[in-house]
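Here's what TrEMBL has on this protein:
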- 6-280: domain 'FAD/NAD(P)-binding' (DOMAIN)
- 317-384: domain 'NADH-rubredoxin oxidoreductase C-terminal' (DOMAIN)
- 419-467: domain 'BFD-like [2Fe-2S]-binding' (DOMAIN)
- 483-532: domain 'BFD-like [2Fe-2S]-binding' (DOMAIN)
- 558-620: domain 'Nitrite/Sulfite reductase ferredoxin-like' (DOMAIN)
- 628-764: domain 'Nitrite/sulphite reductase 4Fe-4S' (DOMAIN)
Amino acid sequence: MTQKQKLVVVGNGMAGMNTIEQLLKLTDQYSITVIGAEPHPNYNRIMLSYVLEGSKTIDDIVINDRAWYESAGIHLITGKRGTKINTEQKTVQMDDGSEVDYDRLIIATGSNPFILPIPGSDLEGVIGFRDIEDCETMIEAAAKYKKAAVIGGGLLGLEAAKGLVQLGMDVTVVHLPDYLMERQLDVTAAKMLEKELESQGIKFALGKQTTALKGDTRVTGLTFTDGTELEAELVVMSVGIRPNTELASNSGIEVNRGIVVDDYMQTSVPDVFAVGECTEHRGTCYGLVAPLFEQGAVLAKTLAGVETKPYEGSICSTKLKISGVDVFSTGTFMEEKQHTTITMHDGWKGTYKKIVMQDNVIVGAVLFGDIDDSSRLERFVKKGELMTEELYAELTGTGGCCGGGAKVNVAAELTDDDIVCGCNGVTKKMIVDAVTIDGLTTLDQVKMKTGASRSCGGCKPLVEQVMQLVLGNGFDAEVKEGICGCTTMSRDEVVEAIKQQNLHTVAEVTKALGWSQPEGCSKCRPALNYYLGMLWPTTYQDEPASRFVNERMNANIQKDGTYTVVPRMYGGMTTPQDLKKIADVSIKYNLPLVKMTGGQRIGMMGVKKEDLPKVWEELNMPSGYAYAKSLRTVKTCVGSAYCRFGTQDSLHIGELIERKFERVDFPAKVKFAVNGCPRNCAESCTKDIGIVGNDGGWEIYVGGNGGIKARLADLLCKVKTDEELIEISAAVLQFYRETAKYLERTSDWVERVGLDLIQRNTVADVEQRKQLAKRMDIALSRTEDPWQKVLKDPKLKETLFEKVVVTKS
Ligand SMILES: Cc1cc2nc3c(=O)[nH]c(=O)nc-3n(C[C@H](O)[C@H](O)[C@H](O)COP(=O)(O)OP(=O)(O)OC[C@H]3O[C@@H](n4cnc5c(N)ncnc54)[C@H](O)[C@@H]3O)c2cc1C
Ligand SMILES: NC(=O)c1ccc[n+]([C@@H]2O[C@H](COP(=O)([O-])OP(=O)(O)OC[C@H]3O[C@@H](n4cnc5c(N)ncnc54)[C@H](O)[C@@H]3O)[C@@H](O)[C@H]2O)c1
Ligand code: SF4
Ligand code: FES
């Protein structure tokens, strides 16, 4: 067997990983290692704007999760920075001193936000907006502070400002020129944009140059050259980016503004390539994904030894991702002497269109208010389309017997090679083939197969139009919710098919049910693993590779790559002996923080991965499952044992419940609370199951949630005895296991299936209730403490937790 060549990528971002995805489609000749400075797997940086404004979560924006790297055989090193390349010996050194050797190397280190070198720029509360950490800092600041300033009214600054307004902050955008987005818009469009954004709550300070930031430790305000000042407790700098060239320049690789590359993304040093925002190609550094993915396509082919056209540079188009604001710009948008323009400005409707031509060739455009023509204009600019009478009539809506007006079917007009999704280089033919050859019928499937609409999402309407063109009435944009893009089947259809066809592994399911990609994806694999375990509780062999990283590691990974260990404390109770053990282990392993959790137990933060098994062994306490879709905590009040108001023994019942239902898998995490009386000190109303003592027995509440979407629990029933309480709790939990969608919290589940159905099955129909409770007991009979399981299995311990020391061979 020939030895695979070693390919190392420094930079686990959008350009580097897109190149690797494209490379894997062409060849398996490389053994790949990826070094990423951030603690996360590869995520969609573009979507950070949506995370900030609250419409997406961090989980939603992960492009390739850790399971993807594992299944692609890629060695992923996160939380480490490449510091120096020895181009003679072909090694990359990392900031912890370890090394990795390469045959070929890709530098994909992206950019750094430019921070204005003015007094006060190092104060607390002054940040750029580039990564998850910045996003989290802003979200935290918005919870504590009121006034924010965003310096720089470009794409990033405006999206940041909108996000902060959504988070409730009073936001002023401070911009140097006297109109916004001057790098993408002309004055007319920029003024229309300003007006629209003002109506959405953003304030503007235009034509202002910041001289200093004020404050002792935390920023309190800005001062400007004209002597005026602005109060701000958070300052976001979005005044442009600088290619991150540090690694290359430390290593003797030619750097100008960016890392200098040729038309095949080769740097000045043999076998060292660069891609993405860190590069400079023919004198240009790019700051949008579409050009970076075009570079990646050329580089992937070069590395795979597949013939490729050279990369000759890109024409950029931009769209602002703020809902309710349609603005687009492509190519040359500011006319000069040599240009002619067509301009249409409708002040009443709030629309603006400008098309710029040179020698009759369309070279650029700006649209505001109505951007339906954006894809066509982008295409015309890329192709250098000539303006004709017909085209003029179409674009201005002035031609035809009815005075124009009829919308052109853009999808029909596209040629096979026309790009539909600029971000991902997806052509019309690729989408048509996905529908006609692969038989795909939903947008999610086409997105999964081709990548179309996976990044900024701006092309979604056009992708749908192309699908509509091919499928006609067979295309329904509002199709039923499939469990992911690998299938059109809903959760219920999948579960039913697993039962009917007696399927027992994830691979069997994806094969038998015709998944579009046999290995599944990060969305469906964990779901199938759960459904299979729920349906075949005594025989199913859990597939750890199909679980999220926290569940595979049995601990919660934190943003610096260390883990949190939370031992079980039944009913929120502990002993002096256990407390001493926690203290001793925390001191021994030098843990930076020991924290009381919201669920009445203790979190030991900052445990190194390789120390996890030792910590578990020395604690010798059961896992608290703080990382799992399982029973988390049973919060209790002191109840009748100690409280003078208490009528019921909440401590006893809380402990009983936690011991009974721990360890079994649920569709999502489950939290309980037990209270000794209706004063409700342990807050039953926001728990998945809340139990409240009353004089004659207990009240059981379901579907509460105190998290992102708060919901008060509904009263399910009142019972008299502890036995009834336990049996109904078991029946509710099992009914939830059997009918909820994977990741659906009880709060959403109760609203979807209805309290009535839950009451009928778990309270009214006693026989059904007993059957459910029995099935819960069967599921519970197979559980085992996961920490002990690892400790008993040296091989598992080694694969999951031994420190990977990368040495030069
Ligand atoms: C909030 C936001 C919104 C955006 N919206 C859009 C949009 O709508 N449309 C669009 O086209 N573009 C958008 N962009 C720009 C787009 O995200 C970037 O063009 C793209 O991410 C650049 O890809 P890259 O791989 O070159 O760099 P990055 O994605 O930044 O990846 C570089 C990675 O390398 C890591 N790294 C750096 N140095 C080292 C080292 N020495 N060792 C190891 N790792 C290292 C970094 O930590 C980073 O994870 C947006 C950017 C932001 C921040
Ligand atoms: N929707 C999108 O396509 C999108 C969204 C976010 C970010 N991005 C990309 O991220 C990168 C960073 O975005 P950006 O907006 O920071 O860069 P940018 O260079 O596009 O805009 C920076 C803006 O800051 C202004 N500025 C410069 N110095 C200033 C000062 N001292 N005071 C006030 N204003 C000043 C500039 O005039 C400019 O308009 C860009 O490459 C951008 O294309 C794209
Ligand atoms: S809920 Fe009732 S019993 Fe429990 S601590 Fe509060 S007052 Fe006492
Ligand atoms: S154009 Fe951005 S995802 Fe398609």
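Just so you know, glycine gets a Cβ as well, placed from its N, Cα and C.
Of the candidate ranges 6-280, 419-467, 558-620, 628-764, 6-280 has the most C-beta pairs within less than 8 angstroms of the domain 'NADH-rubredoxin oxidoreductase C-terminal' (317-384). Residues of the domain 'BFD-like [2Fe-2S]-binding' (483-532) grouped by DSSP class, helix first, strand second and coil last, total 26 helix, 0 strand, 24 coil. Among the listed stretches 419-467, 483-532, 558-620, the one sharing the most Cβ pairs under 8 Å with the domain 'FAD/NAD(P)-binding' (6-280) is 558-620. For the domain 'Nitrite/Sulfite reductase ferredoxin-like' (558-620), DSSP puts the residue distribution at 27 helix, 14 strand, 22 coil. Mean predicted confidence for the domain 'Nitrite/Sulfite reductase ferredoxin-like' (558-620): the pLDDT average there is 95.
Residue counts for the domain 'BFD-like [2Fe-2S]-binding' (419-467) under DSSP, helix first, then strand, then coil, are 25 helix, 5 strand, 19 coil.
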